[in-house]
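These come from TrEMBL:
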TRANSMEM  80-100  transmembrane segment
TRANSMEM  107-127  transmembrane segment
TRANSMEM  147-164  transmembrane segment
TRANSMEM  198-217  transmembrane segment
TRANSMEM  223-243  transmembrane segment
TRANSMEM  362-382  transmembrane segment
TRANSMEM  403-423  transmembrane segment
TRANSMEM  486-511  transmembrane segment
TRANSMEM  531-549  transmembrane segment
Amino acid sequence: MSDPAAAETPLLDDSVKGCLDFKGRPVHRSSSGGWTSASFIIAVEVAERFAYYGISSNLITYLTGPLGLSTAAAAAQVNAWSGVATLLPLLGAFLADSFLGRYRTIILASLVYILGLGLLTLSATLPSVTTSGAPNADNVTLNTSSMLQYQVILFFFSLYLVAFGQGGHKPCVQAFGADQFDAEHPVEYKAKSSFFNWWYFSIAAGILLTLLILNYIQENLSWVLGFAIPAIVMAVGLLVFVLGTMTYRFSVKGDEESPFVRIGRVFILAIRNRKIASSAIATEESLKQFKFLDKALLAPDSTMEQGKVCSMREVEEAKAVLRLAPIWATCLIYAVVFAQTSTLFTKQGATMDRSITRGIEIPAATLQCFISFSILLFIPIYDRLVVPLARAFTGKPGGITTLQRIGTGIAVSAIAMVIAALVEMKRLQTAREHGLVDKPNVTVPMRVWWLVPQYSLCGLSDVLAIVGLQEFYYDQMPNELRSIGIALYLSILGVGSFLSSFLISVIETVTGKDGRDSWFADNLNRAHLDYFYWLLAALSALGLALYVYSARSYIYARRSTS
């Protein structure tokens with residue numbers, strides 16, 4: 001006679017396939033993962049974004065102020081640092097996916113991050129040397145120069161240490177957060193798609209706090225305090241993350257080879273077998289794209305001999321990675337536009353009337369808060385209104401495809417550049433009408449609220465394109481390479497920052513020849529940021545056309561059941 005309790009056991013077993021807890025035991029759905037675990041992970045990400053934007057949002061002001069760089073040089077430095085900071089996640093993701101695991105990488109990277117922020121604070125505490133009352137002015141000048149050089153070296157060392165910390169933190173924390181939702185479970189699968197929206201909503205809130213509080217402290221109270229607060233917040237965020245350890249789900253790694261080895265072998269065998277006719281695999285199941293990789297299915301004698309060939313699954317993994325390249329490349333112009341919000345937009349706003357009341361001004365970098373306001377407004381609308389309505393028509397879980405979402409975001413960013421160009425033309429005209437062309441230190445009598453539309457459109461573009469890219473690259477990568485997927489999305493922004501820096505440097509050189517004022521002259525009343533914005537709008541239109549062409553031919557990767 002069967003035991004009724006035993007018969008009910010399968011119904012009560014809510015263990016999650018392919019996941020273990022921190023101690024290596026099977027995890028239960030009711031006591032692990034989901035939004036509870038994601039909340040701890042979101043907390044450390046909010047702290048990290050607070051810290052990162054506490055540095056990056058006002059970095060150009062610090063470089064052109066206390067460190068004395070020109071506008072063009074400062075913008076190039078900011079873009080170069082941003083580029084490095086968003087390319088290093090490729091290294092961090094490789095270490096996480098191949099050796100350390102996402103959890104350990106987050107811990108180690110956060111410690112490096114906190115160290116960098118601490119040293120950055122130290123660099124700002126170095127005392128200035130004055131010549132007042134000095135008995136030997138030449139010695140004081142020499143000491144001042146040496147002290148400034150030491151401060152600059154320590155500052156940039158600390159800055160790039162922060163970049164290394166972000167390189168390990170950024171790709172792992174979002175992938176680890178998404179890992180807390182089981183794609184095999186229908187309810188959790190829908191929650192995972194929503195996770196990417198609310199993830200970005202949360203970090204936008206953290207960024208908003210940075211822009212409203214830290215920028216004011218940095219410009220009006222103390223740069224030392226303005227750099228110390230992010231270090232403290234990051235330390236608290238790491239503590240909260242550790243507190244959630246017992247609730248996390250850790251993906252189980254099988255005994256199979258590293259995905260890097262598998263994918264690399266596909267390319268090597270495909271190249272080695274390039275001269276072999278593919279008729280032997282004509283009847284085999286294969287995707288239509290990148291058929292040259294199908295030759296990795298053949299042994300050198302054109303047979304399907306086991307042990308010397310790749311499996312169809314391995315070939316499809318390689319194709320899944322390769323198919324991402326055109327999407328990656330066509331999003332680069334969008335990333336160039338993305339880089340302007342913390343550089344040229346800030347310098348543009350610094351010349352305008354930023355007064356709220358008598359004696360109180362909005363710091364120029366705080367204008368970026370309108371991006372965060374826009375994100376906080378549009379994400380709930382998109383997640384709770386647009387997605388359900390679109391889902392009713394299309395039947396897709398996300399309402400529209402991720403590629404459609406990204407393309408819409410790119411189009412919005414192009415419109416933002418058009419608006420930015422028109423506003424800058426108006427600002428230059430106002431400066432001419434009031435005789436301020438050669439008075440760069442006098443505020444242009446034009447309210448800073450004129451910049452709100454371009455900032456708001458950039459925020460809407462982020463909601464569509466950035467969140468879409470995050471979900472797309474996480475979802476389309478093989479399971480074991482999802483940290484790499486997040487890193488690839490970040491590398492778009494990194495390369496875009498480098499391209500922005502390159503464009504600015506080239507245009508600065510070409511337009512500033514023979515003593516002429518360049519497009520990026522330190523006196524913005526003689527510069528032509530409007531020309532640069534028009535150029536970016538045109539490039540965005542071209543990039544959108546290329547993106548649509550690539551997206552229409554994209555074949556989504558098959559979902560892994562492993």
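From the backbone N, Cα and C atoms, a Cβ is placed for every residue, glycine too.
Among residues of the same chain six or more beyond the transmembrane segment (223-243), those with a C-beta under 8 A of the stretch's C-beta atoms are 40-41, 43-48, 50-52, 54-55, 58, 62, 66, 106-107, 110-111, 113-114, 117-118, 120-121, 124-125, 210, 214-215, 217. By the Cβ criterion (distance under 8 Å, sequence gap of 6 or more), the transmembrane segment (403-423) is counted as touching the transmembrane segment (531-549), at least 3 such pairs being found.
Same-chain residues lying 6 or more positions outside the transmembrane segment (486-511) and placing a CB less than 8 Å from one of its CB atoms are 72, 75-76, 79-80, 82-90, 92-94, 170-172, 174-175, 324, 328, 331-336, 338-340, 343, 469-470, 472-474, 477, 518-520, 528, 532.
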